[in-house]
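A short write-up of the structure that comes next.
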Amino acid sequence: MRLIKKNIDRGSSGELKLEPEEQEDMWHAYNLIAMGDSLRASTVRKVVQTTDTGSSTTTKKRMTLTIEVVAVDYDSVACALRVKGRTIEENEFVKKGSYHTLDLELHNAFTLQKHEWDSIALDRVEMACNPAHQADVAAVVMHEGLANLCLITEHLTIHRQKIEHTIPRKRKGLCAQHDKGMEKFFDAIIFAIIKHINFQIVKAVILASPGFIKDQFYQYMLNKATREDERHLLENRNKFILLHSSNGFKHALTEILQDPLVLNRLSDTKAAEEMKLLDQFMHLLNDEPEKAYYGLEVVEKANQSQAIEYLLITDELFRNIDFNKRRRYVQLVDSIKENGGAVRLFSSMHASGERLGQLTGIAAILRFPMPDLDLADDHHHHHHHHEIQNNLNNDDDLQPNSNRPDNSLDNTNDYQSTNNDRTLRENRAEASAWDVGDFSHLGAIIILLLKIWKTRSCAGLSGKSVLLYAIVFTCRYLDLFTHFISLYNSVMKIIYLVSTYFTLYLIYRKFKATYDRNHDTFRIEFLLLPSVVLALLWNHEFSVLEVLWTFSIYLESVAILPQLFMVSKTHEAETITSHYLFALGIYRFFYILNWVYRYYTENFIDWISIVSGVVQTVLYCDFFYLYITKENNNQELFNLYSLFVLQMATIENKSKKNRSTGYLTSPINVNAANHLSYLFQTAHIVLLTTADFNLVRHLVKQIRVHAQKKQIRLHPEMKRLLCSCCNMILWPPLTANVRFNKRKTGIVVSCLTCNRFRYYPKHNSWPTEHGAHIPSDWLFNILSSSEKH
């Protein structure tokens, strides 16, 4: 930027005449021109002239107009600046008060007049007019078939070219087409490097990709440069830095600039300095939160105590249309400088500026700890830091995905403008909703695991639903070892994965004898295939990690369906307790609160997460309905126990001819049998809630005593039917699980204590000791009647 004329005093009105000489100067002009300023520049406008005969002619004339600025638009790709305003000076061809748009161009001077030139604007002018070149960096991020070339200057990241090329797949024995496609792809990248990178200014060129693509390209480029005698590539080979990135999209620059190798190599560039300072703030926010704060009000409180060592602030805040807010930021910067603090102005066009913008755009590193600055903010600074980074683009169940498309980063501008002045109390409310939702979901999983482990049974639980959840978490958290966001985030991901796979182990290995495969028959491929298709068609970005993330969102919304199908088929949910359901309901409830909150405070909507979450919530409501209906319909369960007792009494009645045994001394008392069923129910509840088998044995003993008093003496073989492994009394369904085998030719009775099971053919008898035979037909009747329900 060339300063032609200066007629201003600090803190007073005046004007400057400037001439932009480089593309970066257009960015400086964008930050200087504000609404309400006066701008004078040369422009071309159509002029209509009417002759005496009534005919009119239209010609283009160059003229100089002065406008009062109404709006400023900046195109970061073309580095073009358009200023719209109303003319305030008379012109031969343009009426005063008419609207016109000035297109500012390189090497065309303009005059800017302000009512008040503050320190920020004057510092910007001094920085822009410094003739010394700043150290610049070029970067090429790529993956197979896609590359993006960017220039990283002192103040912005310029996206110069996007290279896309279709590369055929490798096939066994036929790799020639794939190799040809890669060569054409590499040629296009080399052409872009030669076209856009000036090695006289650029100090380093970053080549980044997943895997070995960067190494293959670098070797191919050197070989081609040697063959074709491209001296400028060979002479600058030492400027190339090879780094790893997760993908070839533009937003991968964020992780690249955090690499210590890059920071050391680019130590004298402003971008590296900003990234290093921001990383220092993030570490303090996690380790020493009393020395790191963000948000305008808290920073102002810290400044009153002269505690600020570094102020981190984005230039986005100084483009605020509210003049009073702009002045408030300027006064804060001036005060911190007077108190000996350092101010670092972050460009919103840099990756570091985008990250800072997600933290309200203003932050401070203190000279000394101030724990009493805002005691209520400890929770906020610890959790909302993760919330802003992870959940700005992910809206369900700890779904951080750092590989989101560029449009998500672009949307942060809207987020910044609407949230720069959010109070800490509002931020804390959003973080609390997410935290309660996360811990509610985790609590539900822990309740389920404890229930399975204590009861030693997974009866009523759908293994296919748990398998779907394992697929969901695996696809969602594939970035666990490639992107570190925070300790809290990583720990929660690991806990979700480990607990889900441990549940699968309990179902399919540890307690597989209690798993009801006959009723868990839902075809999960009908859920997997549509979820895959939807993820491919409707996603934020067509990349591997992004499609997998979207697939996990769609699949989670219907992962409960196998469990619903099993409950509707068996009318039993023995392992899914009311506590587990309550925790799941809380989990969904707080995520709904988060969506509503973000819509009204940030105007933020992610339709993929919202639509899928609504479907999932509706299914959980259906699950609640079925469970409550089942719990309220206890009469069927009591009838089942009554049928069990009555059947035993009937067996005793069949033995009436053997009077010497005295099994039955009076006719069957149906009321007594029903009363016994309540005792069975009590013992069953004790077994499921406490897993205290000694107490169950005591209750069984009381049942025997009660049966003797009611003149219903149980058959000796029924009360002596013991497990050969643990000597537990096998009283189905109290301490044993009874089900058909696959072909329904017999009954499988498994002990709920040790998982030992026995097979009894349909018309054979139970094992006997005193020669008594107890047919198993009555168990078939019970199971068949239960299936009909």
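The backbone N, Cα and C atoms fix where each Cβ goes, glycine too.
Given the ranges 184-207, 544-567, the record in TrEMBL names 544-567 as transmembrane segment.
Fewer than three CB pairs closer than 8 A are found between the transmembrane segment (520-538) and the transmembrane segment (491-508), and contact between the two stretches is not assigned (pairs 6 or more residues apart). Tertiary neighbourhood of the transmembrane segment (491-508): same-chain residues 398, 400, 438, 442, 445-446, 448-449, 452-453, 458, 461, 463, 466-467, 469-470, 473-474, 477, 480, 515, selected by CB-CB distance under 8 Å and a gap of 6+ residues from either end. Sorting the domain 'eRF1/Pelota-like N-terminal' (1-130) by DSSP state (H, G, I as helix; E, B as strand; all else coil) yields 20 helix, 65 strand, 45 coil.
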